[in-house]
Amino acid sequence: MQQNHSVTEFILLGLTQDATTQKMVFVIFFIFYVGTVVGNLLITVTIKSSRTLGSPMYYFLFYLSLADSCFSTSTAPRLIVDSLSAKRIISYNECMTQVFALHFFGCMEIFVLILMAVDRYVAICKPLRYPTIMSQQVCTILIGIAWMGSFIHSIAEVILALRLPFCGPNLIDHYCCDLQPLLKLACMDTYMINLLLVTNSGAICTSSLVILMISYIVILHSLRNHSAEGRKKALSTCTSHIIVVILFFGPCIFIYTRPPTTFPVDKLVTVFYTIGTPFLNPFIYTLRNAEVKNAMRKLWRIKIASESKR
């Protein structure tokens, strides 16, 4: 990676400097990270193993769980390890890699949430054309576009980061590398870089939230013409999606759609959407979804039966 500076490494200050609190950070986020990986892995295995979960909604849920696991992995392991380390040093190249991974999987989650909203819109508002519109080929193409869009977005973020010259302090007041904390360390006028950041990340977050909210308003409005049972099932599914959207997009918009200033609460907000939301998603989608719960129970019974035959 091109280095436009004299700094070769950064020091992450983490969430806290207090030794006792650092131990609590280790325990809490270790549990959160293990829960995130196990929960999302359980969903991906269940969807891949179950014949009853072959609809586009679960196809997209598979990729959402995959993105959640990777998104959390981009920040949580370093936070956990650094909470027990005296020196939290991250090299320049590792920092740029983390910026790429954070935005790649975060953007992928955004695009998958949009695809899930599109799927629900077609299923509820155009049920007769649903099998044709949301065919397996179409879903595969849409996921491919989501991967490509995420790659383009994250490459653009890395290019912005590479343009920042660092010639002074190398202390990052954060637990991970991202554009906002890096802007504070750059020895240049960062107005244009921040404007590009808002145009890229901020616009994606804001426009995606608007699209999602409009789609769910249209969906909920169209439920008036459905039966009571149909309304209950559709409302349950949409409610889960809306909860995830609010939990994810609220913090994202707070971080990426403002001038280049940082607040003490920034680290907690970032923790919420990079570690908290991926941890909560499996509970939101399984506890409110009877089909997923039944498929998990069936998979568990098959596993027990196969073990008992040995």
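Glycine residues also receive a Cβ, built from the backbone N, Cα and C atoms like all the rest.
Pulled from TrEMBL:
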TRANSMEM  24-45  transmembrane segment
DOMAIN    39-285  domain 'G-protein coupled receptors family 1 profile'
TRANSMEM  57-80  transmembrane segment
TRANSMEM  100-118  transmembrane segment
TRANSMEM  138-162  transmembrane segment
TRANSMEM  201-223  transmembrane segment
TRANSMEM  235-256  transmembrane segment
TRANSMEM  268-287  transmembrane segment
Contacting positions for the transmembrane segment (268-287) when only residues 6+ beyond its ends and CB under 8 Å are counted: 15, 29, 32-33, 35-36, 39-40, 42-43, 61, 64-65, 68-69, 71-72, 74-76, 79, 102, 106, 174-176, 178, 240, 243-244, 247-248, 250-252, 254-255, 293, 296
Intrachain residues whose Cβ lies under 8 Å of the transmembrane segment (57-80), provided they are six or more past its termini: 12, 14-15, 25-26, 29-30, 32-33, 36-37, 40-41, 43-44, 47-48, 90, 98, 101-102, 105-106, 108-109, 112-113, 115-116, 119-120, 123, 136, 139, 143, 146, 175-176, 237, 270, 274-275, 277-279, 281-282, 285, 291-292
